[in-house]
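Going by Swiss-Prot, these are the annotated features:
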- 1-19: signal peptide (SIGNAL)
- 37-77: disulfide bond (DISULFID)
- 73-129: disulfide bond (DISULFID)
- 118-138: disulfide bond (DISULFID)
């Protein structure tokens, strides 16, 4: 059974990190619960931001707040269906485990540090949808930066 390690994406999450290489793909589109969560929120794939747009931060300037919120609700739905969130609360340990499993990251890996920093940055946010999108965006941005720095090395 395929685990939705969006887990980042972190983030959501988790799998989003490896998906960040394909910037034209929609965030979360490669996971089992994507279509279900779209349907539950009355959205289509066209309503969902691309990985490239989110990892670069363009989603914040190119879209209305309602679009941001709706995308976040789809992310939260997928995270919750995969047991990584309950409401607005993360299961941080499960998120780390799934992220490590998805990415192959080892202890001390900067990707794990980035995931931890993103969870810390968003942990006090109360709106579950906004929190989920900010988390996913944080992880994708960190993945993009780390990928760029390793390519430059």
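The backbone N, Cα and C atoms fix where each Cβ goes, and this holds for glycine too.
Since this is a predicted model, take the numbers as computed values, not measurements.
What Swiss-Prot annotates, mapped onto the structure for a quick look.
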residue	record	Cβ within 10 Å
37	disulfide bond	23
73	disulfide bond	21
77	disulfide bond	23
118	disulfide bond	24
129	disulfide bond	20
138	disulfide bond	25
Worksheet, complete the sentence: Rounding to whole Å, the Cα atoms of residue 73 (disulfide bond) and residue 138 (disulfide bond) are apart by 16
Worksheet item: Could you tell me the C-alpha distance between residue 138 (disulfide bond) and residue 129 (disulfide bond) in angstrom, no decimals?
Response: 14
Fill in: Residue pair residue 37 (disulfide bond), residue 129 (disulfide bond) - Cα distance, angstrom, rounded
12
Worksheet item: Rounded to the nearest angstrom, how far is the Cα of residue 118 (disulfide bond) from the Cα of residue 77 (disulfide bond)?
Response: 19
Item to complete: Provide, as an integer number of angstrom, the distance between the C-alpha atoms of residue 118 (disulfide bond) and residue 129 (disulfide bond).
Response: 15
